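K.L.:
There's a structure below that I have some questions on.
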Amino acid sequence: MSLNDCGQLILASASPRRRELLQQIGVKFRVEVADIDETPLSAETPAAYVARLALGKAQKVAANNPGCVVLGSDTTVVLDNEILGKPENDADARRILTTLAGRCHQVMTAVALVRDDQQRQQTVITQVHFAALTAAQIAAYVATGEPADKAGAYGIQGLGAVLVDAIDGSYSNVVGLPLTETAAMLQEFNIPIWDKD
Ligand SMILES: Cc1cn([C@H]2C[C@H](O)[C@@H](COP(=O)(O)OP(=O)(O)OP(=O)(O)O)O2)c(=O)[nH]c1=O
């Protein structure tokens, strides 16, 4: 079955950031959210964790859509080899941001493409250096509500830009999808980018 038989690419994600990033590079797609258990396995490395989740999301939606190319992805923040996911509440967000302040951490995003039995997966890592932050600054940022649905309790693309001193690597990878690598993978599956219509 070709892409035309299927209709279009399916983004297996509830993330508004991933939608915007794909739209930015002119990719046509529809969204079908994959709900999977995001609990890390015991002794699972952060890289193995994001890869498993990205593939799991894509495979779940691909199973219901034969012949369609499905994109799944997962982003996590890693400090000292530990996974820092989304905060559970405001206190947790303050705790996470306190550990990130004044230090360098990694943002890992895994991207997976699945069509029937065919699959491709890639993980990209960006180094992010945080400014030193006072408890009052952290509390004020958490009070904006922005950290709630974001890995590592911040959004580099939003108010959280103020917290980031410097990055080394892909910016879009921090927001939720490494665009250079994603575009190359999509082209391997004959999905066009830069589609102007
Ligand atoms: C570090 C960072 C993360 N994030 C976001 C990207 C992801 O949406 C989110 C990480 O959670 P994910 O579980 O990767 O994604 P999601 O739950 O939003 O969507 P889905 O699982 O359905 O694909 O954190 C930012 O928006 N900005 C940032 O700077």
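One-based numbering along the chain as shown.
Cβ atoms here come from the backbone N, Cα and C positions, even for glycine.
According to TrEMBL, the protein carries these features:
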| type | residues | note |
| --- | --- | --- |
| ACT_SITE | D74 | active site, proton acceptor |
| SITE | R17 | site 'Important for substrate specificity' |
| SITE | T75 | site 'Important for substrate specificity' |
| SITE | Q157 | site 'Important for substrate specificity' |
K.L.:
Given the recorded sites T75, Q157, which one has the fewest other C-beta atoms within 10 angstroms of its C-beta?
P.N.:
Q157
K.L.:
By the DSSP assignment reduced to helix, strand and coil, which category contains D74 (active site, proton acceptor)?
P.N.:
strand
K.L.:
Is any of the recorded positions D74, T75, Q157 within 10 Å of R17 (site 'Important for substrate specificity') (Cα-Cα), and if so, which, in sequence order?
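P.N.:
For R17 (site 'Important for substrate specificity'), the recorded positions whose Cα atoms are within 10 Å come to Q157.
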K.L.:
Find, for the listed recorded positions R17, D74, the residue with the lowest Cβ contact count at a 10 Å cut-off, counting only other Cβ atoms.
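P.N.:
Minimum Cβ neighbour count within 10 Å, taken over the recorded positions R17, D74, occurs at R17.
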